[in-house]
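Straight from Swiss-Prot, the features:
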BINDING   Q165, K339, R368, S369, K390  (2R)-2-phosphoglycerate binding site
ACT_SITE  E207  active site, proton donor
BINDING   D244, E287, D314  Mg(2+) binding site
ACT_SITE  K339  active site, proton acceptor
Amino acid sequence: MSTIRSIHAREILDSRGNPTLEAEVILEDGSFGRAAVPSGASTGTKEAVELRDGDKTRYLGKGVRKAVDNVNTTIAAALKGFEATDQAGLDRRLIDLDGTENKGRLGANALLGVSMAAAHAAAASNKQALWQYLAARTGVTPSLPVPMMNIINGGAHADNNVDFQEFMVLPVGFTSFSEALRAGTEIFHSLKSVLKGHGLSTAVGDEGGFAPDFRSNVEALDTILEAIGKAGYTAGEDVLLGLDVASSEFFENGKYNLVGENKRLTSEQFVDFLADWAAQYPIITIEDGLAENDWAGWKLLTDRIGKKVQLVGDDLFVTNPKIFQEGIDSGTANAILIKVNQIGTLSETLEAIAMADRAGYAAVVSHRSGETEDTTIADIAVATTATQIKTGSLCRSDRVAKYNQLLRIEEALGAGARYAGRDAFVSLKR
């Protein structure tokens with residue numbers, strides 16, 4: 001039987017040394033599922049609430065004992081005997097138990113841990129890998145996503161003077177995920193050599209990318225291009241570039257305050273700034289180019305470069321189907337970033353991806369800066385219409401774990417494995 005026998009949660013540590021919640025679900029047939037919840041550094045104001053204890057004498061107030069207790073008491077009792085394969089029903093039960101719009105009573109971290117662990121247990125009960133189990137339910141032919149590899153960290157993810165949060169390489173000119181991963185890895189090591197040659201730091205940030213001090217944001221792009229060439233690849237053909245601007249982090253009093261450029265720009269000026277970069281460099285994707293509340297600026301950017309550049313809403317949409325629908329209706333952005341903990345259940349995550357597909361928007365499944373060894377997002381990326389995955393750089397085990405899971409999935413798919421490559425940017429084909 002695939003009904004739930006027991007649910008248990010515990011407090012563990014994430015990749016930044018902060019507590020997070022891990023949940024385990026055991027079914028009556030003995031099947032077992034485990035999942036750990038990620039946590040973000042730069043967060044949208046409309047994200048589901050991550051419940052923290054606030055006790056400054058313990059883990060600097062970041063403990064999650066309250067969320068753990070909510071799982072081990074309220075949620076465990078309510079879901080005992082529930083059919084684990086009814087993911088939508090299980091998640092509705094969790095949402096109803098919480099009873100708030102933002103999941104702030106029990107905590108989105110409590111709900112998500114149980115939601116994902118239940119899916120793992122249900123897959124085990126069906127004797128399937130999670131990606132197989134999810135694909136059977138989404139009706140999607142599994143495929144390997146293009147990795148958006150964050151090889152230079154800035155902003156809230158690093159202690160340096162770079163304003164933009166992520167500078168990424170996307171290895172699109174390859175026929176398999178494993179070859180794309182190899183190219184990204186070789187570029188990463190080439191970048192380390194280039195940075196050393198320029199006398200720059202090779203210390204890494206939260207997501208495993210290098211975090212040197214540059215004289216300007218554009219110097220980061222130029223350095224990456226040098227590394228791509230040194231690794232033997234061609235920018236614009238083998239490899240494209242991506243940015244996570246995370247502009248909400250430096251949007252102050254109606255202006256974009258670029259410390260690295262010594263500039264304070266209006267929305268119109270910042271759109272010009274980004275459009276100029278997109279014209280000069282092989283940039284295929286820009287995430288959070290404008291601040292989450294600057295919808296007028298977002299619309300300007302979309303109208304300006306949205307036919308040639310993938311414009312990803314992260315803080316803008318926070319994986320929330322209701323907010324995302326506003327973007328679809330207004331023609332704002334052309335892609336959505338999918339973060340499981342922004343919305344708080346697996347079903348709502350899958351619905352956001354399906355919404356994107358119906359609207360002709362691309363979906364990018366993403367990690368958070370505070371990660372664990374959990375690889376659920378890799379399975380989600382393969383089993384849905386998401387065509388890209390963001391899971392950091394090519395070092396730190398919390399990031400590499402997802403890449404390794406994708407390698408396992410590619411091997412399991414065998415001759416049927418398909419890598420998205422240049423076809424990943426579905427919103428640019430409309």
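Backbone N, Cα and C define each Cβ position, glycine as well.
Shown here: features listed in Swiss-Prot, placed on the structure.
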residue : record                               : Cβ within 10 Å
Q165    : (2R)-2-phosphoglycerate binding site : 30
E207    : active site, proton donor            : 30
D244    : Mg(2+) binding site                  : 28
E287    : Mg(2+) binding site                  : 28
D314    : Mg(2+) binding site                  : 29
K339    : (2R)-2-phosphoglycerate binding site : 26
R368    : (2R)-2-phosphoglycerate binding site : 28
S369    : (2R)-2-phosphoglycerate binding site : 25
K390    : (2R)-2-phosphoglycerate binding site : 31
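The Cα of D244 (Mg(2+) binding site) lies closest to that of Q165, out of the recorded positions Q165, E207, K339, R368, K390. Distance noted between the C-alpha atoms of the residue listed as 'active site, proton donor' and K339 ((2R)-2-phosphoglycerate binding site) is 15 Å.
Note on proximity: of the binding-site residues Q165, K339, R368, S369, the one nearest E287 (Mg(2+) binding site) is Q165, by Cα distance. For Q165 ((2R)-2-phosphoglycerate binding site) paired with D314 (Mg(2+) binding site), the C-alpha to C-alpha distance reads 13 Å.
Taking the mean position of the Cβ atoms of D244, E287, D314 as the Mg(2+) site, the remaining residues of that chain whose Cβ falls within 8 Å of it are Q165, E166, L243, V245, A246, I286, D288, V312, D315, L337, S366, K390. D314 (Mg(2+) binding site) is 12 Å away from K390 ((2R)-2-phosphoglycerate binding site) when you measure Cα to Cα. Spanning the residues Q165, K339, R368, S369, K390 that the record associates with binding (2R)-2-phosphoglycerate, the maximal Cα-Cα distance equals 17 Å.
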